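This report concerns only the one structure given below.
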Number of protein chains: 4
Amino acid sequence: MEKWDGNEGTSAFHMPEWMIQFADQKQEFNKRSTKIGRRSLSRSISQSSTDSYSSAASYTDSSDDEASPRDKQQKNSKGSSDFCVKNIKQAEFGRREIEIAEQEMPALMALRKRAQGEKPLAGAKIVGCTHITAQTAVLMETLGALGAQCRWAACNIYSTLNEVAAALAENGFPVFAWKGESEDDFWWCIDRCVNVEGWQPNMILDDGGDLTHWIYKKYPNMFKKIKGIVEESVTGVHRLYQLSKAGKLCVPAMNVNDSVTKQKFDNLYCCRESILDGLKRTTDMMFGGKQVVVCGYGEVGKGCCAALKAMGSIVYVTEIDPICALQACMDGFRLVKLNEVIRQVDIVITCTGNKNVVTREHLDRMKNSCIVCNMGHSNTEIDVASLRTPELTWERVRSQVDHVIWPDGKRIILLAEGRLLNLSCSTVPTFVLSITATTQALALIELYNAPEGRYKQDVYLLPKKMDEYVASLHLPTFDAHLTELTDEQAKYLGLNKNGPFKPNYYRY
Amino acid sequence: MEKWDGNEGTSAFHMPEWMIQFADQKQEFNKRSTKIGRRSLSRSISQSSTDSYSSAASYTDSSDDEASPRDKQQKNSKGSSDFCVKNIKQAEFGRREIEIAEQEMPALMALRKRAQGEKPLAGAKIVGCTHITAQTAVLMETLGALGAQCRWAACNIYSTLNEVAAALAENGFPVFAWKGESEDDFWWCIDRCVNVEGWQPNMILDDGGDLTHWIYKKYPNMFKKIKGIVEESVTGVHRLYQLSKAGKLCVPAMNVNDSVTKQKFDNLYCCRESILDGLKRTTDMMFGGKQVVVCGYGEVGKGCCAALKAMGSIVYVTEIDPICALQACMDGFRLVKLNEVIRQVDIVITCTGNKNVVTREHLDRMKNSCIVCNMGHSNTEIDVASLRTPELTWERVRSQVDHVIWPDGKRIILLAEGRLLNLSCSTVPTFVLSITATTQALALIELYNAPEGRYKQDVYLLPKKMDEYVASLHLPTFDAHLTELTDEQAKYLGLNKNGPFKPNYYRY
Amino acid sequence: MEKWDGNEGTSAFHMPEWMIQFADQKQEFNKRSTKIGRRSLSRSISQSSTDSYSSAASYTDSSDDEASPRDKQQKNSKGSSDFCVKNIKQAEFGRREIEIAEQEMPALMALRKRAQGEKPLAGAKIVGCTHITAQTAVLMETLGALGAQCRWAACNIYSTLNEVAAALAENGFPVFAWKGESEDDFWWCIDRCVNVEGWQPNMILDDGGDLTHWIYKKYPNMFKKIKGIVEESVTGVHRLYQLSKAGKLCVPAMNVNDSVTKQKFDNLYCCRESILDGLKRTTDMMFGGKQVVVCGYGEVGKGCCAALKAMGSIVYVTEIDPICALQACMDGFRLVKLNEVIRQVDIVITCTGNKNVVTREHLDRMKNSCIVCNMGHSNTEIDVASLRTPELTWERVRSQVDHVIWPDGKRIILLAEGRLLNLSCSTVPTFVLSITATTQALALIELYNAPEGRYKQDVYLLPKKMDEYVASLHLPTFDAHLTELTDEQAKYLGLNKNGPFKPNYYRY
Amino acid sequence: MEKWDGNEGTSAFHMPEWMIQFADQKQEFNKRSTKIGRRSLSRSISQSSTDSYSSAASYTDSSDDEASPRDKQQKNSKGSSDFCVKNIKQAEFGRREIEIAEQEMPALMALRKRAQGEKPLAGAKIVGCTHITAQTAVLMETLGALGAQCRWAACNIYSTLNEVAAALAENGFPVFAWKGESEDDFWWCIDRCVNVEGWQPNMILDDGGDLTHWIYKKYPNMFKKIKGIVEESVTGVHRLYQLSKAGKLCVPAMNVNDSVTKQKFDNLYCCRESILDGLKRTTDMMFGGKQVVVCGYGEVGKGCCAALKAMGSIVYVTEIDPICALQACMDGFRLVKLNEVIRQVDIVITCTGNKNVVTREHLDRMKNSCIVCNMGHSNTEIDVASLRTPELTWERVRSQVDHVIWPDGKRIILLAEGRLLNLSCSTVPTFVLSITATTQALALIELYNAPEGRYKQDVYLLPKKMDEYVASLHLPTFDAHLTELTDEQAKYLGLNKNGPFKPNYYRY
């Protein structure tokens, strides 16, 4: 595998800046997978003693036998051995996890029902590389129900739920993934998905771009039969835009990361809740009366500010963009420079996507017991490295919680070592994952069925009508009743009764 | 003037549907002008007895002499008579109004200061057609300070503040406008602005498209020297897009209506306040505990819902767009069809831009004392015409408030006869008008100074950087302090330190 | 009448401090009555041109004939002349006002229905002295329906609605009141209510204490037959407590001012809405982003703060009481001293009940265009007198709005000359008045029917059960469904199923 | 010990109903202690793997040796053996916990400072029986600093933090308590506190009434020297009122449970945060768009409703008290009977203090996946016993989370088996405990120093001035600046400049 190692592979892109970002991102994903993993498994009695704040490491500890799955001979009950998972015998337990997830992913289940007659993915051969969780399993089995054949690897070496992988293998899905893969394992699994005799993928579902990258490197000819790529992550999308700019993108790609529904749920609505959750679980603090500064008033910042204001905190905002700044003003937040309030605030939250927003100088000036955390992007926003100096003492007081102590005894409380608080210290609700998975499924259907010429070798946003469709599939969860346009009204507005209902530049 | 009359003029476009809309809109504008007019003048002691709810009619009543301004000979103190206003002697009073407005329009005043060295509009010859109010006067005098020559007419026959027009004329601006123009007067005034010996406009600032239309009809050759059109209204923008589609737009045009800042202020932030204001001034109702249905969850609906929820009302939402519907759910509103709640609600508010959203059938089923009003667009949303039937009795209980009484004694309370509540029954804060005026000024500067080729014969949105600039000019009002990117951060984000800070598809 | 004049009468109490307060209060009541009066009449077309902000004076201007009602001979249609109103012919118009008020006072109407069998006030002879408005008329006619005989005078020389008084007289109620009474008229009317041959009151309903005072002074023997006094106003209640302390209270008195329901509605819920309404109607300002300091965090302050925060203002609070201060903190407001923020705020609102909370020194330091208003009590909170100095210029820009201009051009915007903003510049919703009137009716029933010994010669709060009953009568307005305790639950809690449900010290 | 056992002791009161309540309450307290214990210890690295949701049992598991502390011979470093704790060697670790708590209990630390001159508790001999946690330790050491001698036992057999008890013993406090006492141990410890040669308590600080009860039963003569009892718990206060009613209370007692500050923090402010925290930690649910019914609109219900509304839930309220019901309406919640919404809601929360609010019939009608939990009182509100029937399957999916499954597959999610969610599944912030501890300290000072005759043999509320003082001591935490009355203002209001500022019936 020496030729295929991660460093060689990725360095081939020669794009230093975002490669650094990608590396950051990857670390984040490790955490994320851990979190998602925890959530599902923690439902079970057998795992009920799992600490909410346990680090990724604890998961690998729990592996009960040392033999590599690659060395095992396993068969599912139908006799197939076209898979590689930790332990096929865990299938029944994983199936239960999947069934619980099905209850909370009504949109995918609705897609299955609607597709009982027609199979919009009949003939599709999808190779996928994502986190392997109960929610992903619901997605995969939905794709199957819609007519597709699937082969799947994990996009992260820690995030696979072994039980779920086993259940998928038992159900006939060729899955190659287990928790605690080595980097070599990682690429081996991906290769086993694509390098098959008598089977060639015609669709790619990727999360992070590694699968896409692998095919580019090893099997460029495969792209002749591939109808398109669906990519979910910020990083993977970034890579695709780079390829497109460089004229190297040879199939259409769908950027599902920037669809309206996904953005609002991943950012505004999800963070509105997870900022409170993350702070409570780590610090047990009381929000009422606390002074908080939120750096950045994008969707994430808006969510954090709204939640904390509602809980009785006094919130200040910093911004670089005057439009967002004016929004902060109109929403009732004082717009300040960080320096103006750094001495008085009880909490500092970064939501900028920028780097070194909180510097050592800021950290030096914070008051005793100030809490510092990051809700933004990656782990660059707080200059944590600057705190690793001899005169400061670090004291780990809980998992994900460090006290950094100054020589004069002042201590600041640093959460998740500056990584994403919401991924590290709270959970992502299944409802949010449901929206993402539905968007992915629809993007695959769209690309697979699009008439010749609709999509060129470029990166596309999900068509607005599909975005609207994802939303409509989730309305029944809230017993929400949509109004239909009359013919007369549709004509008056110049709209189709079934949408799309807004111009592309509409801001929601 | 028989060839130039309004009907002939507008019918020339041959676009029946939107022409109807345009007619509706025009009615609205009449109201708007009235309102804006009231606001400014009501500051003065001499007008302090003016009723908040007085109809447009009351303004024409107050005209003190019957002679048409067109028949008068007037000169300003410098001896010029190149203007036509009601009474040049009212100039001093109008000047005071302008001075008060200047205090609340800091952005334009800042533009004047910044332009003391360079004159970005030196050489510009701007012909304008807008409401003539104190706020417009601040805009005009700012354009003058920036180097432009201006000639101005009113875009509405009722909305001119005579005192302000006089003050502008006294200050040397050729203004042709008075309150209570006839339609013939209206086009005569416009013609006096453009048809001048030895002076040809090279920029157009329009509100509603009438001026643009006039030049198209009468002086098409003028477009050879015209560098661009800046248009503010929904209607005028619609016309420009139609011209563009038809290939008839012969200069670049700037759509300032859809800039971020203007949209958020005109819709979300302004309506959040004016829904409460409009309901209170007309009905003195208490909001707490009231059940309200808001039809439409766009920016206007979002503003109305947020305000009423905050005041303790129980709010239901109807929507046709599943994305906006999902937003309503996440914001805590039950999404219903109007029929489901029409019997139980105390207030019905339309914010859709659609027609016949509230039908006679709905009106028949409302409970006694239900309040019905429109915050959306035009006067089409509530089917008011359906209430003009013999079995129903109309009782005017206040200006802008009608009780419509059913044979069984049930009465519903209809506000502003279904026209826009916020324009009819509340006021538009100067701060909102300041944002609009600043946007107009910057659009003029941009179009006038743009290098050859930047803009083609098409309709453009204001460049994001200018939108951001408008916002930044208004931040000092809130003592808001913007953060600046460091060089390192700008590089990391791949942004210019001065913006623009967001991609064009960013949703705010 | 020289012996009976107001000064002589009131000075007899020899309590200088509260007498001053009383005088202040009286001024306020004049305003209040005006406001209440305006509201009802403004419904009518004939009055639709009435300015919302007109001062009390404007009402007397509209009197159409100069003859004093005391000099007129009038008879109602049944031939009775036992009344004295402006013009009995206005009865029909007043009746319509009363009918509209009935629709919004469901609790009193419910009381009438429940009393169709039994007449809880049979035999009651009530003498009343309150504002005479449509709402009071609904109360009086309800008392009549419950079996009482009533005689009524006005508690304020300006607040009587002549049409309503006429309608009551036409319906057989001996009413002695008109708008624009002289002080002599005022006491004459009261005397006509109590000094009747063959009729002696056995119950008193008072608002301000003047009626009670009159009987004390002139007919002390009447108290032998009087079963009790019901008093609504702060001032009147204060007087009663003073009498009680001095051992001079000779009948039981019910303080309805401090019942839970009335307090919450008059203060918290009503002010939450009227602060916005009052500011908008006077200044058309935008709330979003404005910095506001609210002095005092009692019920009124809590209401103002909640409303402004919800509209996007940034709110600071001052307090003297550490408990209320801690509440402000937990509700998300920075607690400051006025001096700390006076230079930066856009609005100053007083809600303390204290005097000289805003001093000349504060006023000197405010920034240009700062708005100053009072939501608290009386007109003492802002030291308006200190602004009446030669170097400052006052400019009345609207009714109730003054600009006070400093030599350097700075102007502050003073609302209602420091009197109560909510009474001067907004309206009191009928729903709030309904709660007050119902409380009064129930207090009369309770005192009249109480068995010997339940009440001594002291001042009582309304029994909690009655307070709960007032609340329950208003729940149908909101289609609100109360849960009933099961027998088992009532036993578990040690409560009667019909209440009272809380101990007396419960804080709600 | 046969004469002293718990049953005999408590049954002596002969008050069956509240004894049942007391038993319930005791269970609750067990949980509470567990929670409080967890919080503090979880700060330490050595305990960082402790599950947030671990049951009480897990604590006893961790005991490392089996010998009863009663059988051990231990001495602190000063040679004293007048204590009985698990292991005196853990003192250093406990000291660190206490030091951290000191940082978050500024009010007690301020009391220590102010008392450096005078010792308001000089001569006081306090016997205490409370949870023994770091926060209690700060209280005890404060009492010591104020001059008191203290002896202490635990009020709960599970809640003692052994390390903290060791630290107190090391510091010279005679503490008799360890985690996992038997009932016999429990009373033995209490007895060791009071039955000492040459030392008689003159003050009692109790939490639950067991200590008080013990002295009543065993050493009634001690009351001759006892100046008063300070009692914190609902149960203990209930017992005291019963004693008082029965004429058996022989010393003054202070009910600190009902002081304003404590009530608002324990209920409104604390629950506003803990409802969100408890639901998130147990279910990871998303709040946005969820339909919730909250049973009861007292302080706890108000807190829950406000928080969930702010997070985008749609909240319904049930109430039996019409006043609270009307408040719910004005705050924007639909008031319903539980039956009306039980089929549609996603979450049911009880906050009533009542029993069987949620019955089996309600549970049968809930929809699939409905979450049911209790924020009220004890474990009586949800009829959990009714779910223990053969046709229903219980599945424990996490600690504190059970799925109860109906034969048709419907499952409801029951949290904490119907016990208090906030005590079982979230934490109590130190700030709240600080307010309680400060109140206790001040109550002891007041009772100890009160002049003869101020307090009789009755139950008293904390004097308002002291309540205000507790609040004032906590204001610096928020950098909150209180305004002081001028002499003139104090006179005008008839108040002392230092308070109390409100009449006793003031509702806050």
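Each Cβ is built from the backbone N, Cα and C atoms, and glycine gets one as well.
Curation does not apply to TrEMBL; its annotations are automatic.
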Taking C:Asp184, C:Asp185, C:Asp191, C:Asp207 as the options, which does TrEMBL list with C:Thr133, C:Glu232, C:Lys262, C:Asp266 at the substrate site?
C:Asp207
List the Cα distance (Å, whole number) between C:Glu319 (NAD(+) binding site) and C:Asp266 (substrate binding site).
21
Near C:Asp266 (substrate binding site), which residues of its chain come within a Cβ-Cβ distance under 8 Å, counting only those 6 or more away in sequence?
C:Val432, C:Thr436
Taking Cα atoms as reference points, rank the binding-site residues C:Gly298, C:Val300, C:Lys302, C:Gly303, C:Asn422 by distance from C:Thr133 (substrate binding site) and give the first.
C:Asn422
Note down the number of other Cβ atoms within 10 Å of the Cβ of C:Glu319 (NAD(+) binding site), including every protein chain shown.
29
Select the closest residue to C:Gly301 (NAD(+) binding site) from the following binding-site residues, measuring between CA atoms: C:Asp207, C:Glu232, C:Lys262.
C:Lys262
Which of C:Glu232, C:Gly303, C:Glu319 (binding-site residues) reach within a Cβ distance of under 8 Å of chain D?
C:Glu319
Please give the maximum pairwise Cα distance, in Å and rounded to a whole number, for the NAD(+)-binding set C:Gly298, C:Glu299, C:Val300, C:Gly301, C:Lys302, C:Gly303, C:Glu319, C:Asn422.
21
Of all the binding-site residues given, C:Lys262, C:Lys302, which residue's CB has the most CB neighbours within 10 A?
C:Lys302
Tell me the Cα distance separating C:Lys262 (substrate binding site) from C:Gly303 (NAD(+) binding site), rounded to the nearest angstrom.
15
Greatest CA-CA distance (Å) over the residues C:Thr133, C:Asp207, C:Glu232, C:Lys262, C:Asp266 that the record ties to substrate?
19
Those residues of the chain, 6+ apart, with a Cβ under 8 Å from that of C:Gly298 (NAD(+) binding site):
C:Asn267, C:Cys324, C:Cys351, C:Thr352, C:Gly353
Under DSSP, is C:Glu319 (NAD(+) binding site) part of a helix or a strand, or is it coil?
coil
In this structure, which of the binding-site residues C:Gly301, C:Gly303 has the fewest other Cβ atoms within 10 Å of its Cβ?
C:Gly303
Taking 10 A as the limit, how many CB atoms besides its own sit near the CB of C:Val300 (NAD(+) binding site)?
27
Given the model, what does the mean pLDDT over the domain 'S-adenosyl-L-homocysteine hydrolase NAD binding' (C:267-428) come out as?
95
What whole-number Å value do you get for the CA-CA distance of C:Asn422 (NAD(+) binding site) and C:Glu232 (substrate binding site)?
19
Enumerate same-chain residues with a sequence separation of six or more from C:Glu299 (NAD(+) binding site) and a Cβ-Cβ distance below 8 A; give 'none' if the list is empty.
C:Gln263, C:Lys264, C:Asn267, C:Leu268, C:Cys271
